[in-house]
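Listed in TrEMBL for this protein:
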- 4-164: domain 'Arginosuccinate synthase-like N-terminal' (DOMAIN)
- Ala8, Tyr9, Ser10, Gly11, Gly12, Leu13, Asp14, Thr15, Ser16, Gly116: ATP binding site (BINDING)
- Tyr86, Asn122, Arg126, Ser174, Glu259, Tyr271: L-citrulline binding site (BINDING)
- Thr118, Asn122, Asp123: L-aspartate binding site (BINDING)
- 173-389: domain 'Arginosuccinate synthase C-terminal' (DOMAIN)
- 413-707: domain 'Fumarate lyase N-terminal' (DOMAIN)
- 770-838: domain 'Argininosuccinate lyase C-terminal' (DOMAIN)
Amino acid sequence: MQEKLVLAYSGGLDTSVAIPWLKEKGYAVTAVVLDVGQHGKDLDFIKAKALQVGAEASILLDAKEEFATDYVAPVIQGNLLYEGEYPLVSALSRPLIIKKLVEIAHQIGATTIAHGSTGHGNDQVRFEAAIHAFDPNLKIEAPIRDFQWSREEEIAYADAHHVPIPVGEESPYSIDENIWGRAIEAGILENPWHEAPEEAYELTTAIVDTPDVADFVTISFEGGLPVALDGEAMSLTTILEKLNVLAGTHGIGRVDHIENRLVGIKSREIYEVPAATVLMTAHKDLEDLTLERDVAHFKPIVAEHLANLVYDAKWVSPLFDALQAFIKVTQQVVNGDVKMKLFKGSAIAVARQSAKNSLYDENLATYTASSSFDQAAAVGFIKLWTLGNTVFEQVNHVHSEQGSSMTDKLWGGRFTETGSDRVQAYGASIAADQYMIAEDIQASIAHAQMLGQQAIITAAEATQIVAGLQAVRADFESGVATLQIAQEDVHMNVEVLLTEKIGPVAGKLHTARSRNDQVATDFHLWVANRLPHIIEAIKQFQKTLLQVATDNQATLMPGYTHLQHAQPVTFGFHLLAYVGMLARDVERFEFNMKHTKVSPLGAAALAGTTFAIDRTMTADLLGFDDVYHNAMDAVSDRDFAIEFLQSAAILMMHLSRLSEELILWSSYEFGFVTLSDAYATGSSIMPQKKNADFAELTRGKTGRVYGDLMGLMTVMKGLPLAYNKDMQEDKQGVFETYTTIMDALFVFDGMFATLQVNRDVMSESTHNDFSNATELADYLANKGLAFREAHAIVGQLVLQGIQTQVNLQDMPLAELQKASELITDDVYQILQPMMVVERRTSFGGTAVTEVSNQIKFYQEQLGE
């Protein structure tokens, strides 16, 4: 009776020649084909092929769901990458394959398990380590390794035994694939100097052929695992299948890796992992939002060990179980959504949220006046944090008091003399640049990706630089890194820190660019990133004003000219004038966006570059809509910043006018409105005072914004092209103005949301004046009297009313008829203030129906 053997069968060359060889050795071979999501493979054909080449039995098992749930899921949760690059495509499926083979061996009474691994690779270790873990009594056959067959010998054996093979000697790729990705080796890939030919790839599109429009996908996570795409719940297997197609279309997920194999040699592997790249990028981004700092810093250390254990065939081990338990605990809070942008080989997280577990507190993070962060506490913290270094410096005098050497500068090659610390501090731009760290790194990442794509630097160098920049960004975000005056500006600071992390290759980042286009790009990005916040804040204030206007469509109040009672209006009508002003403010900022979202990157110093750069690619990566068509214009232009300040100045002018009215309305003499105590202040000496300080302060801050506008225009007015150091002074006013207008809008929104409208006082004011005089003049004109004559008659009646202290609507009919016999008793109806308002039905008038139409118009503008 033949001894039974179970073979892990892939249908490839190694396992196909193994079947007749094992059969010749006396085994009854049961071939097991495991479906773990191989792309484009006819597994039924492979199952049949095993029988064709000599297997006694052939079994096809669908293990996709188990593979995704039990093996891929822990890798996503752990962000496991072997040597920082390889997401363990082949290493993941091996323990599952052996688990299933052992189960079948037990079922059919087999004594031996066979695999087709060579002696060069890791799989022999992974297969046999798993066999020993699941059932150490099972024997092992490894014919390809044990007989040291070469590729050529295998092909010759296959020909001799009539074994069909999927590959010829001319293109001997070895491919392993599952739903997590695709691994390619052998053939021309064995020479690390040869670029992988396009024919080696199947899941990913060449960048040159990828779409010119980005795709966006929102991935929802629960417990650190993806559970939905764009709000549609689906299994992990389905998510992987969909993302492999979508991300692969954009050329995402190609990895060219020189890896250190478990067996002691270096090998080159090509991987295609589109879904893995997108999911792990999104997962890491959500962890940045939800994990506490110490956990976030420690988890990558655990992940590195776990990745090594998986790669080294120790999936079944006590250490793996212990470390995996830590990972599972961390994932309890990794819940939320991440919006990914897929474009030209890049998967970028552009937005994220976690309703339950976000540790991002905008009240703490904001730089505006509304921040709840106690900045005073930072002073003591910094002193304690740096105390050790301070004492060391005082004792040892390590650093010269003369300042750093000019030759230490990244531009210092031609300089010999050293400036003092005070001189260097005078020229530094750190005070402004600290606000643009994120934008500078964002632009540098895009630039590095473009350099790699254009083969100006190698793909490996680009990957190394991008990873280094991401690490530098993380250091700034965590407070580990801070800008140093010795390095002058944010650009030099980032490059120095990048060099410390990745070495001399960091110097290649500055290829084909200058600080001139770099700072312009940072500034454009900073403004572009904040314009949507301003627009949203204005619209929010408009909505609040519309609500107050809706509630007061029929609330009478005097309309004014020259700050004198003119004609009756309603409070709602009055507020709608400001809603209209704010609508134009929105239009101005939206127009400002058009000129801001233009990329200067690639203009270099002023004249472009000799390198074959792709400025459109970097513009797309950074979210710009266009590029400057002239390099000198690109580095010289600050129109977008001036337009920003102009728009802000007009907005503040509107708020200042509203402030003046609030101050008057809330005064004792008017009493039209009462401010919430939360938006008023008192006096240190006069107990009765309730001051509209926030409105008054807005009037004052309006002058500051005007000053910022004039300051920048004055800086730019006489500058020759292109860049001049004067332009270092272009940002502070913009940064200050942004904070001012965001704070002002926040305050005004709250102030009006809590405003008490004293309707009776407002209405009474319209009944004790002569603001209905125009209505009486119109009344006489409608009866045929020339308006000028009517005007004179009513003027005399007003004078009489002032002298007798009787309003027009209260004068006896006989007195009115002395002025004009055209007046009859119907005049009293039209002289009532509310009737005066209601009779103005012209477009944009005061009639309640017209006010309602105006409210609807603005509500539709705001999408309500």
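Placed from the backbone N, Cα and C atoms, the Cβ positions cover glycine too.
Remember, TrEMBL labels are computer predictions, not curated facts.
Remember, it's a predicted structure, so these values are computed and weren't measured experimentally.
Taking each of the binding-site residues Asp14, Asp123 in turn and counting other Cβ atoms within 10 Å of its Cβ gives the largest count for Asp123.
Confidence annotation: the domain 'Fumarate lyase N-terminal' (413-707) carries a mean pLDDT of 92 in the model. For Thr118 (L-aspartate binding site), the same-chain residues lying six or more positions away in sequence with a CB closer than 8 A to its CB are Asp14, Gln124, Ile144, Arg145, Trp149. Most buried of the binding-site residues Tyr86, Tyr271, judged by other Cβ atoms within 10 Å, is Tyr271.
Within 10 Å of its Cβ, the residue among the binding-site residues Ser10, Ser174 with the fewest other Cβ atoms is Ser174. Once Cβ contacts within 10 Å are tallied over all protein chains shown, the binding-site residues Ser16, Asn122 are led by Ser16. Annotation: no binding-site residues among Tyr86, Asp123, Ser174, Glu259, Tyr271 have CA atoms within 10 angstroms of the CA of Ala8 (ATP binding site). Taking the C-alpha positions, the distance from Tyr271 (L-citrulline binding site) to Asp123 (L-aspartate binding site) comes to 16 Å. Note on proximity: among Tyr86, Arg126, Ser174, the binding-site residues of the record, the Cα nearest Ser10 (ATP binding site) is that of Ser174. You'll find the Cα of Glu259 (L-citrulline binding site) roughly 23 Å from the Cα of Gly12 (ATP binding site). Counting neighbouring Cβ atoms within 10 Å of each of the binding-site residues (Ala8, Glu259), the lowest count belongs to Glu259.
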